[in-house]
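Enquirer: Structure below; questions to follow.
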Amino acid sequence: MKFSLITLATLAAPAFAKVYYAGVAESGGEFGVWNDNGVGRGLPGRFGSDYAFVNKTAIDVMVKDDKINLFRLRSFWSYFDLFYDAVQYVTARKRRYVLLDPHNYMRYNYHFAQPYSGSIIGDVNDPNAATTQDFKMFFTELAKRFRHNTRSSGHAFTTGNGNEPSSDYLHLMKDPLNNTAIEIHEYLDDNYSGSGANCTQPVSRLDGVTNWLKQHGLKAIITEFGGGVNPECAQALKEYIDYLEEKEVWIGWTA
Ligand SMILES: *[C@@H]1O[C@H](CO)[C@@H](O)[C@H](O)[C@H]1NC(C)=O
Ligand SMILES: *[C@@H]1O[C@H](CO)[C@@H](O)[C@H](O)[C@H]1NC(C)=O
Ligand SMILES: *[C@@H]1O[C@H](CO)[C@@H](O)[C@H](O)[C@H]1NC(C)=O
Ligand SMILES: *[C@@H]1O[C@H](CO)[C@@H](O)[C@H](O)[C@H]1NC(C)=O
């Protein structure tokens, strides 16, 4: 399970269970970092062949036929202008919501290895690490570019895979506007990573975090979950979505 924080564009707080946002996690700009020359050699990458943020035709289909209202758009550290275009397409043109996801886990490295390896941002002993100043500049710039876009919201930091130490701290964060939700990833395969084809974990694995959210008066959104293409997983995923709909703390998901 991975935790992160998002601030939501608009979050009302009714007393009943409500999924406000349901949609798709797009893979995106982070793939530009890799090419045939090897790990990390792809930067800055060629837009449209090494990477893209969205497939606009596919967005059109998902909005029209699947009636989804949220796209989680992943970007890398740069590419602001092209990313901006993708965000505008979803929010201004299609009038749907975007979760802005700078997909770096506070680390600089090869995207397939994230979040388990790489230079930790702010590590002064590592010459490859981005500095905390870089980190601040990045998020300031990101926030500046999208702060007037009421259909976008930010995704940020903290990672891990189960028994998160961050659960001792995340609830201490104070948002004066009460407009923050915790973002969580949880797959249904053996080690919750999404790399196995079989859905062996029951959705009741979410009970712990559901109770933690309730205990601290927090809301959350699952932005990565899924299973293999088989009937058992189809059933498990249905139960998963039903679970999120039943529990008041869950306000949305992207698969
Ligand atoms: C974009 O999406 C459309 C509709 O799903 C699909 O036909 C097309 O192949 C996609 N383009 C790329 C480059 O993946
Ligand atoms: C946020 O929630 C807290 C605790 O429920 C409440 O005291 C405070 O007034 C709320 N603030 C806003 C801006 O709604
Ligand atoms: C989870 O298990 C799969 C094998 O089923 C393995 O390939 C993958 O690296 C594991 N992922 C993590 C995060 O431990
Ligand atoms: C997934 O389940 C199928 C059917 O039960 C089984 O044949 C296969 O070995 C399982 N795969 C893994 C990686 O456990």
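Just so you know, glycine gets a Cβ as well, placed from its N, Cα and C.
Copied straight from TrEMBL:
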DOMAIN    41-150  domain 'Glycoside hydrolase family 5'
DOMAIN    172-254  domain 'Glycoside hydrolase family 5'
SIGNAL    1-17  signal peptide
Enquirer: Mean pLDDT over the domain 'Glycoside hydrolase family 5' (41-150): what is the value?
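Expert: That region's mean pLDDT is 83.
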Enquirer: Quick check on the domain 'Glycoside hydrolase family 5' (172-254): DSSP residue counts for helix, strand, coil, in that order please.
Expert: 30 helix, 17 strand, 36 coil
Enquirer: How many of the residues that make up the domain 'Glycoside hydrolase family 5' (41-150) does DSSP mark as helix, as strand and as coil?
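Expert: Across the domain 'Glycoside hydrolase family 5' (41-150), the residues distribute as 41 helix, 18 strand, 51 coil.
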